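Scroll down for the structure; my scribbles are underneath it.
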Amino acid sequence: MANRTPLMAGNWKMNLDHQQAIQTVQKLAWALRDGKHDFGAVEVAVLPPFTDIRSVQTLVDADKLELKYGGQDCSAHVSGAYTGETSPVFLAKLGATYVAVGHSERRQYHAESDDLVNAKVKAALGAGLAPILCIGEDLETRRAAAHVQHTLLQLEGGLLDVSAEQVRKVVVAYEPVWAIGTGETATPEDAQEMAEAIRARLVELYDEETAQAVRVLYGGSVKSSNVASIMAKPDVDGALVGGASLDPEEFAAIARYKSHI
Ligand SMILES: O=C(CO)COP(=O)(O)O
């Protein structure tokens, strides 16, 4: 069994302005400190809106917090005439560790293709960021029992021309679209089925050792009440948390899932 450090990442989506971000991160840090959270045992990260990141960086640096942070998206380009885009290099300059790429809301509302997601994964890696590559099926695809095939195609598309050395840095987040913001959680068995299939495909694309090094997260209505059963599955290495990450106490409780097994 590989030694993968679990990651709990909070995707704030388009919530919390920079002042609210400071309060939320402060409360999260206090809640984790009160719970004697071991960051070496479970990594904790927040993905705030771009306009918050400089404020989060300042707080993390000033208070020497072990919390990681990152973006929710980035450009496939480093710089240039791309109005409204944010360079992964600029995120790295702000001390970001992670960047989510190919979230289903980006795929749905901004028509992001696997090709574009792949270009963003490579741009993020080039900037020294760890991309959180989001993949997952919608309800119709699951009902047609094509969810594994669909999700693995997104995985392959997102990782095209990514080397074995680079992919070790990539975090894969399996987020079934039907479980996002709906209160409908995939069962721990559903999460494990896909995480296992993702790892098996990584073995085919790369090799066993590389596949064992890649973290696979589950996302979709994760809460402190259901996280422990999901984390008990052998191929699930953390969670990408939306709504519940906006509440610092609740998110801290998710990060401390080991204390409520
Ligand atoms: O999309 C998600 C995280 O990226 C999941 O969102 P919820 O946790 O709100 O369902």
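Backbone N, Cα and C define each Cβ position, glycine as well.
As recorded in TrEMBL, the features of this protein are as follows:
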type	residues	note
ACT_SITE	H103	active site, electrophile
ACT_SITE	E175	active site, proton acceptor
BINDING	N11, W12, K13, G181, S221, G242, G243	substrate binding site
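Overlay of TrEMBL feature records on the structure.
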residue	record	Cβ within 10 Å
N11	substrate binding site	26
W12	substrate binding site	20
K13	substrate binding site	19
H103	active site, electrophile	28
E175	active site, proton acceptor	29
G181	substrate binding site	12
S221	substrate binding site	20
G242	substrate binding site	22
G243	substrate binding site	18
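Here the CA atom of H103 (active site, electrophile) lies 8 Å from the CA atom of the residue listed as 'active site, proton acceptor'.
Between the alpha carbons (Cα) of K13 (substrate binding site) and H103 (active site, electrophile) lies a span of roughly 10 Å. Taking only the Cα positions, the spacing between S221 (substrate binding site) and the residue listed as 'active site, electrophile' is 15 angstrom.
Excluding N11, W12, K13, G181, S221, G242, G243, which define the substrate site, the same chain contributes I180, V241, A244, S245, L246 within 8 Å (Cβ to the Cβ centroid), listed in sequence order. When the alpha carbons of G242 (substrate binding site) and H103 (active site, electrophile) are compared, the span between them is 11 angstrom.
In this structure the C-alpha atoms belonging to G181 (substrate binding site) and the residue listed as 'active site, electrophile' are separated by 13 Å. If you compare every pair of Cα atoms in N11, W12, K13, G181, S221, G242, G243, the residues listed for substrate, the longest distance is 14 angstrom. H103 (active site, electrophile) and G243 (substrate binding site) are 15 Å apart (CA-CA, integer value).
Distance from the CA of the residue listed as 'active site, electrophile' to the CA of N11 (substrate binding site) is 10 Å. The residue listed as 'active site, electrophile' sits 12 Å from W12 (substrate binding site), taking the CA atoms of both as reference points.
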